[in-house]
Amino acid sequence: MIYENLQNSRIEEKTQEPGKAPSQSFLWRILSWTHLLLFSLGLSLLLLVVVSVIGSQNSQLRRDLGTLRATLDNTTSKIKAEFQSLDSRADSFEKGISSLKVDVEDHRQELQAGRDLSQKVTSLESTVEKREQALKTDLSDLTDHVQQLRKDLKALTCQLANLKNNGSEVACCPLHWTEHEGSCYWFSESEKSWPEADKYCRLENSHLVVVNSLEEQNFLQNRLANVVSWIGLTDQNGPWRWVDGTDFEKGFKNWAPLQPDNWFGHGLGGGEDCAHITTGGPWNDDVCQRTFRWICEMKLAKES
């Protein structure tokens, strides 16, 4: 179209008469050509700007796409690592479960063995209980027999004493007992707690010694020769009392200074509820479970 306009312009120039000025139509066409050129340049610039913007956005999109791909690759790697870790944990759990099953089976077998052992123990306890009861019966019979033998021995001892005195009937103490002022005394060579010593004397048809006077105290003190020995005095069941029922409050006393004190600082539990003769002679209260020597006493009796 531009070309046709130029051609038309040239034809008009040739047809114009010489010596005349260009017409107003020609000038208008020149101006139209300029506008068209400027429009084309503007349009080109606009297209260039659009292309630049699109190119810039495309570059940004490519960068964003690269970032997304990198993020996706990183996330994929992490997910793969997590899956591998989960697989490893699953294997460990399976091994742990297998081990637990083995342990449970072992414990089940041990429990069964324990039940069997418990039944055996119960059976053994029953057997031991029966044997213990039989032994107690035998021990009771044996104790009665020993006591009878002691009586027989005492009778023989007294009969021997009677023969030595030309048949005169005399009072006598059992063998290895010491006679003093109408009583027989037996001084132990071993040590026992107060309850065990009390039991021993009762089995001998006697009791732990009861000190009734200063004279008896001096006799015992001289015979003991500085040996600590239990006597038949206790307050385990209330106030102090003698084992043979002798009135303690009205009777002879020989406590050491500041005694009895019922001391709790010995660390053995409880107080001090049993009395003994000290090495110097005075009495002292002490823990009944301590072990000392002891003295048994019985009244002198005649045997026919």
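Keep in mind that glycine also has a Cβ here, set from the backbone N, Cα and C atoms.
Residues annotated as disulfide bond in Swiss-Prot, with sequence analysis given as evidence: CYS173-CYS184 (among others). Other Cβ atoms within 10 Å of the Cβ of CYS173 (disulfide bond), summed over all protein chains shown, number 20. CYS173 (disulfide bond) carries neither a helix nor a strand DSSP state and counts as coil.
The number of other Cβ atoms within 10 Å of the Cβ belonging to CYS201 (disulfide bond), over all protein chains shown, comes to 23. Swiss-Prot lists CYS201-CYS296 (among others) with the feature disulfide bond, giving sequence analysis as the kind of evidence.
Just so you know, the Cβ of CYS288 (disulfide bond) picks up 21 other Cβ atoms within 10 Å once every protein chain is counted. Swiss-Prot lists CYS274-CYS288 (among others) with the feature disulfide bond, giving sequence analysis as the kind of evidence.
For 172-298, the entry in Swiss-Prot reads domain 'C-type lectin', with the evidence type sequence analysis.
Look at ASN74 (N-linked glycosylation site): DSSP puts it in a helix. The N-linked glycosylation site annotation in Swiss-Prot covers ASN74 (among others) and rests on sequence analysis.
Annotated N-linked glycosylation site per Swiss-Prot: ASN166 (among others), in sequence order.
For 1-35, the entry in Swiss-Prot reads topological domain 'Cytoplasmic'.
Feature annotation from Swiss-Prot assigns topological domain 'Extracellular' to 57-304.
The feature transmembrane segment is assigned by Swiss-Prot to 36-56.
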Under 8 Å by Cβ from CYS274 (disulfide bond), counting only residues of that chain that are 6 or more apart: TRP194, TRP230, LEU233, THR234, GLN236, ASP285, ASP286, VAL287, CYS288
CYS296 (disulfide bond) CB neighbourhood, other CB atoms within 10 A: 23
Using Cα positions only, nearest of the recorded positions to CYS184 (disulfide bond) (ASN74, CYS201, CYS296): CYS296
Confidence summary (mean pLDDT) of the topological domain 'Cytoplasmic' (1-35): 56
Sparsest-packed of the listed recorded positions (ASN74, CYS184) - C-beta count within 10 angstroms: ASN74
